[in-house]
Amino acid sequence: MEPCLLMWGILTFITVSGYTTDLCDDDPPNLKHATFKALTYKTGTVLNCDCERGFRRISSYMHCTGNSSHASWENKCRCKSVSPENRKGKVTTKPEEQKGENPTEMQSQTPPMDEVDLVGHCREPPPWEHENSKRIYHFVVGQTLHYQCMQGFTALHRGPAKSICKTIFGKTRWTQPPLKCISESQFPDDEELQASTDAPAGRDTSSPFITTSTPDFHKHTEVATTMESFIFTTEYQIAVASCVLLLISIVLLSGLTWQRRRRKSRTI
């Protein structure tokens, strides 16, 4: 029942707030041995406030709100314990608000909630205490996701691998990122091959092409000479054969003429 209420709340929020952005209906593409992340989130993006086992959420979701000049996350996520010992209304706060605790690695990489680098976009929201290990976002049209291969895998082709949620023929769809991840163990010499491929053009790299151009010219010359000699020998053989056939024809005609004269002399 709770997921239905959550979706109803998200749709109500979008309708009441006057957002004209559309939520992406489908999930982002799932590539084998690859993960994706969003560097920034467009206004209208919704994040579920999911808690780990033994805790329940007080607010259902966070949403990225703002305008073209400023955007930030609203409705901070908080989790409350459901165990009998802690049912005194104690609510856990953000890790950075608790004294004596070191910030997690994710916190150190995440800027404050109101700090935004790109205008009209929200940054990754900071973690909250007893947060679920997996975050569920509801993206809007125009959101860009960046894909990269997992550890131990390498991309078959270099270049940016992005997926963008677009509206195509009235339906929201994610573009397919051009990324294929292959195990690094299958290509042990991939780094050397890539290094030779990515070598900048210069005197050292261009010299092999200069040295190979001369032998290629000699090869073409030798081939042409060979073809000419072959044509010459063929023509010579044809001429000799024609002369032989001509001599044979003369001998045959002479023999036939001699036989006719001999027959005539006998009849007389």
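In case you wondered, yes, glycine gets a Cβ from its N, Cα and C as well.
Swiss-Prot has this to say about the protein:
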{"type": "TOPO_DOM", "residues": "22-237", "note": "topological domain 'Extracellular'"}
{"type": "DOMAIN", "residues": "22-81", "note": "domain 'Sushi 1'"}
{"type": "DISULFID", "residues": "Cys24-Cys64", "note": "disulfide bond"}
{"type": "DISULFID", "residues": "Cys49-Cys77", "note": "disulfide bond"}
{"type": "DISULFID", "residues": "Cys51-Cys79", "note": "disulfide bond"}
{"type": "CARBOHYD", "residues": "Asn67", "note": "N-linked glycosylation site"}
{"type": "REGION", "residues": "83-112", "note": "region 'Disordered'"}
{"type": "COMPBIAS", "residues": "85-102", "note": "compositional bias 'Basic and acidic residues'"}
{"type": "DISULFID", "residues": "Cys122-Cys165", "note": "disulfide bond"}
{"type": "DISULFID", "residues": "Cys149-Cys181", "note": "disulfide bond"}
{"type": "REGION", "residues": "186-213", "note": "region 'Disordered'"}
{"type": "TRANSMEM", "residues": "238-258", "note": "transmembrane segment"}
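Mapped onto this structure are the features recorded in Swiss-Prot.
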residue: Cys24; record: disulfide bond; contacts (Cβ under 8 Å, 6+ apart): His138, Phe139, Val140, Val141, Gln143, Cys165, Thr172, Trp174
residue: Cys49; record: disulfide bond; contacts (Cβ under 8 Å, 6+ apart): Arg57, Ile58, Ser59, Ser60, Tyr61, Met62, Asn75, Cys77, Arg78, Cys79, Trp128
residue: Cys51; record: disulfide bond; contacts (Cβ under 8 Å, 6+ apart): Arg57, Cys79, His130, Glu131, Asn132
residue: Cys64; record: disulfide bond; contacts (Cβ under 8 Å, 6+ apart): Tyr41, Lys42, Thr43, Gly44, Thr45, Val46, Ala71, Ser72, Trp73, Glu74, His121, Cys122
residue: Asn67; record: N-linked glycosylation site; contacts (Cβ under 8 Å, 6+ apart): Thr43, Gly120
residue: Cys149; record: disulfide bond; contacts (Cβ under 8 Å, 6+ apart): His33, Ala34, Ala155, Leu179, Cys181
Here are some disulfide-bonded residues: Cys79, Cys122, Cys165, Cys181. Which one has the most Cβ atoms within 10 Å of its Cβ?
Cys122
To what whole number does the mean pLDDT across the domain 'Sushi 1' (22-81) round?
91
Using all protein chains in view, find how many other C-beta atoms are within 10 Å of the C-beta of Cys77 (disulfide bond).
26
DSSP residue counts for the domain 'Sushi 1' (22-81), split into helix, strand and coil:
0 helix, 27 strand, 33 coil
